[in-house]
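According to Swiss-Prot, the protein has these features:
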{"type": "ACT_SITE", "residues": "Tyr63", "note": "active site, proton donor"}
{"type": "BINDING", "residues": "His130", "note": "substrate binding site"}
{"type": "BINDING", "residues": "Ser209, Pro210, Leu211, Gly212, Arg213, Gly214, Phe215, Phe216, Ala217, Ser218, Gly219", "note": "NADP(+) binding site"}
Amino acid sequence: MAEACGVRRIKLGSQGLEVSAQGLGCMGLSAFYGTPKPETEAIALIHHAIHSGVTFLDTSDIYGPETNELLLSKALKDGVREKVELATKYGIRYAEGKVEFKGDPAYVRAACEASLMRVDVACIDLYYQHRIDTRVPIEITIGELKKLVEEGKIKYIGLSEASASTIRRAHAVHPITALQIEWSLWSRDVEEDIIPTCRELGIGIVAYSPLGRGFFASGPKLVENLDNNDVRKTLPRFQQENLDHNKILFEKVSAMSEKKGCTPAQLALAWVHHQGDDVCPIPGTTKIENLNQNIGALSVKLTPEEMSELESLAQPGFVKGERSISILTTFKNSETPPLSSWKAA
């Protein structure tokens, strides 16, 4: 296993945001991945991350919902807020038992002000649209976010799971600092169009689920140990008919990591880190031991030949099963109507 080393700093985007080269995805501490971690343990893990140099913290108002932001508010007391880069998101809500995506100006403003109150901060460093509302022209949504920047309520604007054309349209209204997207050895479809677009426009890339939602940490046995209320049990890639095939990738990565003297998770995470200094993966965990291992991935150095070998093992399309459940859209269906179609309420 590669030992944890110092966490370097990187510039995210072109507007001046500086973050730790690896972030902490906080979702699993409160939501979706089984029983939430006890609050005192969750806060201790967040503080350990910050003390270790992982200062880029990622949350959302839908995690819980809302309880993850409330957890962050407690973790950031007593001067801790000044040590971190805080990212949260809006745009997904539960309404009458259904998932809804919202990007109209009134909702954007109300969501931002609610997050500011919950996290108990004066300003959010990076505020993402979590999923694109395909009923609202993206120019309208970004226009309201631009006002929030001007009012000092948010510093930088981000998008999540947006298509290349949506990114371009948004960026024309106000500079987009970061795109959050799933990117890992088993989710490489973003490399064709999304990543080149971000790089052309100077937009940073925040890679969520860089360990394949834990797949590269445990392989197929991960599923056996999941709580019944863990959302991963419903994901297509974790269904047995797909898992029987997908485990081949884990076995090959595991064999390569053994030669490299690191864990499979560290090797998979190092691959993401080696994509460039404009990329910040945000692995999540509920265990300090795993957090230390994730930081250790920063010290795993891969040669061009090793990168090529990993990419040959995990060619786009190799993994079976969709990466998301159908109710959560991805960048592939995130186009919005033309601005000319918009009639304000």
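One-based numbering along the chain as shown.
In case you wondered, yes, glycine gets a Cβ from its N, Cα and C as well.
Around Ala217 (NADP(+) binding site), the same-chain residues at least 6 positions away in sequence with a Cβ under 8 Å from its Cβ are Leu211, Thr263, Pro264, Ala265, Asn290. Taking the mean position of the Cβ atoms of Ser209, Pro210, Leu211, Gly212, Arg213, Gly214, Phe215, Phe216, Ala217, Ser218, Gly219 as the NADP(+) site, the remaining same-chain residues with a Cβ inside 8 Å of that point are Ser184, Leu222, Ala265, Ala268. For Arg213 (NADP(+) binding site), the same-chain residues lying six or more positions away in sequence with a CB closer than 8 A to its CB are Arg232, Leu235, Phe238.
In this structure the alpha carbons, written CA, of the residue listed as 'active site, proton donor' and Ser209 (NADP(+) binding site) are 15 Å apart.
Annotated pair Gly219 (NADP(+) binding site) and His130 (substrate binding site), C-alpha to C-alpha distance, rounded: 28 Å. Taking the Cα atom of each, Phe215 (NADP(+) binding site) and His130 (substrate binding site) are about 23 angstrom apart. In the structure as shown, the Cβ atom of Tyr63 (active site, proton donor) sits within 10 Å of 27 other Cβ atoms. Ser209 (NADP(+) binding site) sits 15 Å from His130 (substrate binding site), taking the CA atoms of both as reference points.
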